[in-house]
């Protein structure tokens, strides 16, 4: 299947290069093998689809020159040190824009952006620390996760009760999420049980962790890691008779979880609204499904948006090789693009390089998604 | 109390699967003296073949399990013929590296054919049973029952049949076995086939409770190597005892100390056992 998908892309890229004046390589370092391969391929598919669409439309005009794009992907198996090696390889090939889809890798290579050769880092992770670094050459795509804490917590305390059980993943990102949600839960007057976090990458059976968490009789469980193992945690909890609600970390996507467990198991969960439920995403969802035979999550959608904003910014900046100038044009580029190119409604790009796109959180009730209101938004 | 019983069930089901996978590995080590790092790959392939038979051929769960077990057994025998047999007189490190190569090959091949996405195998019997306040899924009961049956059958085969006795004989003394006229080539192939059969059966049993992915063999590899080192490399009872020790240590260590330490406890136990009994709990070949 991989070769089948790559082949038309190759032909397209080659055909494109025959007519266009210039081909610009875009770098990508993400997990393409190992446990997180599925996630890495989802991200890759979004960038790839964006590039193919741009090339099909004849590319963009940068400084009077027709430019098309080509994706150069390297596998880092989700390991930050491999990301660093890959980034060095990519920059040495003269690549000036690199996508990285995991917080560990992003934070590792962030200091390298401004060194010689400089490059623009496109970060796909909701970790707020990425922005705290105040790096001048970072473009962060997803909404920060601290936006979710308050609405998730207050919704679930109101709906189910004040006792929270913890069964999140133990990745660096998962632990930070767990700490943040614990703090918010206590702030709103609830109690938090012992931490039963397990590594969603290496655990063979979740029932032990779930049994332990449930023995403290929680009203709500905090869960989350990659979508598919998260669904297994839900399954274990429901099978052991848990009737309460779930707080689902943003890494897990409802639209992937409901392919593993019946949607009725997810009733009473709060999480991120599936991409296909957003207004105005239908065309993208249909096109993506035709090409990749699966439902696009925000991994595909936000990276599709990312590459489109980058292409537009290159056009506005009049350069494909100066990362600082491209970064400077991101805000104008984001505002100039129609929603068909950004999928989510874009309000611009902040000075720190954060995409200000619409995001909606939702709770599942009777198998349907109910959108929740947000009071404050961190940008 | 209920929580304790619940955890006990969790541990027994997990231990059953660990035992099946570890048994194949320990048999191969006993007979061939090869630490077969590709064993996790066979386990993973077993899960994929079950998935393919279920979805592609549309046959039931039990026929799929048997088909996958036979398929992986044949592949394991072939692997012995084309990879390990030619390397039988090579330095010890060569078959080890070959085994790692096979593991990578299997993972890459599976990812190419079925893609990196997680696959799911539906449980043959859905739903739960409640026994004295403890909630157990049917699949876990099936796992426990099936692993007991398979272990008993394997024990009968090794102890009561002539072919089984040749495996034991070769494991105890390779030269001696050859002197009394045992065809060591045939026994080598047979042992590999049995190890593939056990790994695939274990994978087909546990697959409905988890997700099938190309990397699922790596985690299992790590655990079963710990188990057979713990039980004594090449020892059949050692593999069974080791499997349950690890699953109990993981489950109860996690429950009573902290889940953060679940993996640490398992491997700390390994260190302690090796410090006291460097040869493992059981001697090889018993």
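A Cβ is built for glycine as well, from the same backbone N, Cα and C atoms used for every other residue.
Straight from TrEMBL, the features:
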TRANSMEM  B:12-31  transmembrane segment
TRANSMEM  B:65-84  transmembrane segment
TRANSMEM  B:96-114  transmembrane segment
TRANSMEM  B:135-158  transmembrane segment
TRANSMEM  B:189-212  transmembrane segment
TRANSMEM  B:224-249  transmembrane segment
TRANSMEM  B:255-276  transmembrane segment
Touch test for the transmembrane segment (B:65-84) and the transmembrane segment (B:189-212), at least 3 Cβ pairs under 8 Å = yes
Hey, would you say the transmembrane segment (B:189-212) packs against the transmembrane segment (B:12-31), going by three or more CB pairs under 8 A that are 6+ residues apart?
-> yes
Outside the transmembrane segment (B:224-249), six or more residues from its ends: residues with CB under 8 Å to it = 11-12, 14-16, 18-19, 21-23, 25-27, 29-30, 35, 39-40, 151, 154-155, 158, 171, 265-267, 269-270, 273-274, 279-286
